[in-house]
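Q: One structure coming up, written as structure tokens, with questions to follow.
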Amino acid sequence: MTISSAVVLAAGEGTRLRPLTRHRPKPMLPAANRPILEYVLDALVDAGIDDLHIVVGYKRDRVQNHFGASYRGQAITYHHQTKQLGSGHALLQAEAGLDSDFLVVNGDQIVHQEMVRAVIEAHTVKDVATLAIVESDQASSYGAVRMDGDRVTEIVEKPIDDTYRLLNAGVYAFAPSFFSEIEQTPRQHGELALTDTLGTLIHEDQQCVRGVRATGVWWDATYPWDLLSVARALVTRGLVSEPETDDGVYVSPSASVHDDATLEAPVVVGPDCAVGPQAVVGPYTALGRNVTINAGAVVDGSTIDADSRVGQNATVRDCVTGESVRIGAGTVVSGGVADVRVGTDVHEHCRLGGVVADRSEIGGGSTIAPGTLVGSNVTVEAGTVLSRNVDDDVEVVN
Amino acid sequence: MCGIIGCVGRGDRTVETLLSGLSTLEYRGYDSAGIALANGSIDVVKKQGELDALEQVVDTTTLSGSVGIGHTRWSTHGPPSDRNAHPHTDTEGNVAVVHNGIIENYQELRDELEREGVVFTSDTDSEVVPHLMARSLHEGASPRDAFRDAISQLEGSYAIAAVVAGADTIFAVRQDSPLVLGIDDDAYYLASDVPAFLEYTRDVVYLEDGQFAELRADGWTVFDHEGTETTPTVDTVEWSAEQTGKSGYDHFMLKEINEQPTALRQCLSGRVDEVSGGVTVDELDDLDTPSAVQFVACGTSYHAALYATTLLHEVGIPANAYLASEYATTHPPLPNDTLVVGITQSGETADTLSALRNAESRGAETLALTNVVGSSAARECDHALYLRAGPEIGVAATKTFSSQLVGVNLLVERLRPSGSPTGELRSLIAGLRDLPGHVQQVLDDSTALELVDELFGAEAFFFIGRGLHYPVALEGALKFKEITYEHAEGFAAGELKHGPLALVTENTPVFAIVTGDDEEARKTLGNIKEVEARDAPVVAVTDGKAEVERYADYVLEIPETHERTSPVLANVQLQLVAYHMAARLGRSIDKPRNLAKSVTVE
């Protein structure tokens, strides 16, 4: 059927990506050198949606400020979820803005227009809900589903059982009646998830939720190192917004790259960037807006976010930075595979040279051991060796 | 200072088009509003109050016609009331007129008409226009000739649009007040400012002073002052209508404060190059370094001008800042080879335009530092440097002040006599490029909201700063008084003990801006101790280098950066303080009482 409205859920922080989410929600973290949410909105606009609704909550200024009142000419209405009480509760915030069947998309997962179109085409007036379903061996880490023909017969969040092969891609079409279904769903620990309502619906009537098997781009960054693989996938496929100036090399016209600098494909250099002489940037590297790579620095396999500076002769490999980060001259982020501690869990064998979150300053000549997470607003004295995670707002002296 | 709008070719949607256009012009004035539609006769609806009041009356009135004009008013002659609201009509109701500006000889014209028996129904200067037109129409003139005849008798500044019963045409003219035409395929618009019709078209014609325009359902024509048809250029504006929406914020002001990182990026993009260490401003290719610079500006822009003079002194160019309203009457001497720079966000500020014209008439080269491409200042000056800050709707200037400070840096580096040390320039360029991120940091981490809770209920608020922070102190106080209506004053830190200290008590918080740890910072620290000794709560806006925290009761932190860019950051903190205090007081933040966005009358 024809659907012209879509609700994007962008209110949650994405705590597993801390410390990068200190000042912005996960949808605003960089996928290559653009916010994840831009890819989501592109998919919707490309699929013909002209009425965009975004549910905002955690650090909502960042979303509203980045997109303003419209995206690619399509008006955006913002709905404010004051407390993050689950995706179902988030969707309820947008109820007043919708009167016919509509789409719902997660704002923190990269999808492409094919998947959005597939859901729009499959959804009929008889369906209360239609879900995009992706086949993946990681189904049990997400919302796993089982299907019978084109009907979803079971939906379960992160099942312990690993026999599931299908996952809910977070692209839905709903009939307006779905709002009353959400309201009738009992809250679990005060929260209301969309999948709880879907689960209840399926339980009551195995015929009312349609699933549509979809292919195409579906990427999720759960942990910081996933941002690097997402960036790698995007630059390799050229899914970036800067023009291609050489094979696999994408450089904004407002960037300034010294004649003696080397850009190794695939690489994307954002607007207003400055790359100094003898610097080597790439491959699999994305520079956000207004990034400065000074003379002789080497940046490889990394995502360097807006306004950051990499000092002379620094080496930065497999690294994710936040905004306005300073990596001092001669500092080494040597890169490679490591065990990464996130909260109380240890994740083994992750390719992550390190994370340096917003506005942290790593003094010159320092070394960051692989897998180290450096918080936001951290100051590290020159010549320090960092091999353990550093909390936000800490001053490290050696 | 008012806003006018007109449209033809919108059929049944004429009323809706006029009302939505007026809502975007409300920043120009908002004490009354009205519309008139022409068909066989003229229908007029007008109402005192904000636009909502008019919308309510329109709903209950049947209006017809596809040729319409509208007006939102800010009183200059006569108090706000239904009868003083525009459009004004002649006695028989065959002519309706909207006017922005001031008719200086209206009293003579009114006396003359009253002697002829015309009864005036309003206190406005504008009402003479429909009566003059009616007189000509009675004498057999065509509507076009009646309009021209009326205009020829006026002295002063005006943008006027008129409709006449039985004629499907809007007649318009511009003299020293802004007027823009909007050209769509099957509909034509006119307005004081582009956003009024941006929803429908981006193709615009900026009328020149003395030009007349006629809009009909089947086309549009522009005439020069002698009545000869001319072919004006049609420009395309880059702003989209959506850019002027509030995008989820409670107030335009808060939206615009938050937009500052983006506005500054746009201002700097392509103009500074850290790799080669250069500043290039394409628009100023043919500008030579003058022997002296005079700035003319009003309000917030004047504070940017004060900042600019200090920078020019640093590079060895004599410079002065003048309040534009004083400049034209005091005639400061204009030595040879002086560049006169007008700083005006809108490019339509009447006082600044008049000062620029005065300078031009005395042979000076002129430059406009403005945010509006195609504005009067930009077109009349020899050079224009654009701020690229995007539209600013909140009456209190925020992002455009930040962009002005950056724009001034670009101008000064462009004027810097050659042979300057490149290391210094490189560190400035780095400071400018860091600025968007630093402003974002201030926005993310500011404790202004909590501070407002602490300071709520104080008697008065003082702001002090030295050197480049002196203009920021003035601007901090201006912003504060504009939107909170509380008493606020800014002083040069060293001036405190020469008088204002008498006002300082335990109930008057003092905001002190201190960055770096040089001689200047140490002196300001001394001034802080002076107010501390009078038990005044001290709020330090600081990068923390001068250890001012020891003497301050509250601290608003800003990142450490180049000395020229730290005033921008300090100012963002003060914007947030003013905003949150005004919100706490429940003020009309985007439209403070008695004020309008661009002051197009002298």
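Keep in mind that glycine also has a Cβ here, set from the backbone N, Cα and C atoms.
Reproduced below are the annotations present in TrEMBL:
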type	residues	note
ACT_SITE	B:CYS2	active site, nucleophile
ACT_SITE	B:LYS597	active site, for Fru-6P isomerization activity
DOMAIN	B:2-218	domain 'Glutamine amidotransferase type-2'
DOMAIN	B:280-421	domain 'SIS'
DOMAIN	B:451-592	domain 'SIS'
REGION	B:70-91	region 'Disordered'
Q: For the region 'Disordered' (B:70-91), find every same-chain residue at least 6 residues outside the stretch whose CB is under 8 Å from a CB in it, and list them.
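A: Sequence-remote neighbours of the region 'Disordered' (B:70-91) are 1-6, 18-19, 21-22, 25-26, 28-36, 42, 44, 46-49, 51, 97-100, 102, 106, 118-119, 121-127, 129-131, 133-134, 596, 601.
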Q: Reported in the order helix, strand, coil, what are the DSSP residue counts of the domain 'SIS' (B:451-592)?
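A: The counts are 67 helix, 24 strand, 51 coil.
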Q: Could you please provide the mean pLDDT value for the domain 'Glutamine amidotransferase type-2' (B:2-218)?
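A: Residues in the domain 'Glutamine amidotransferase type-2' (B:2-218) carry a mean pLDDT of 88 in this prediction.
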Q: Inside 10 Å of the Cβ of B:CYS2 (active site, nucleophile), count up the other Cβ atoms and send me the figure.
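A: Other Cβ atoms found within 10 Å: 28.
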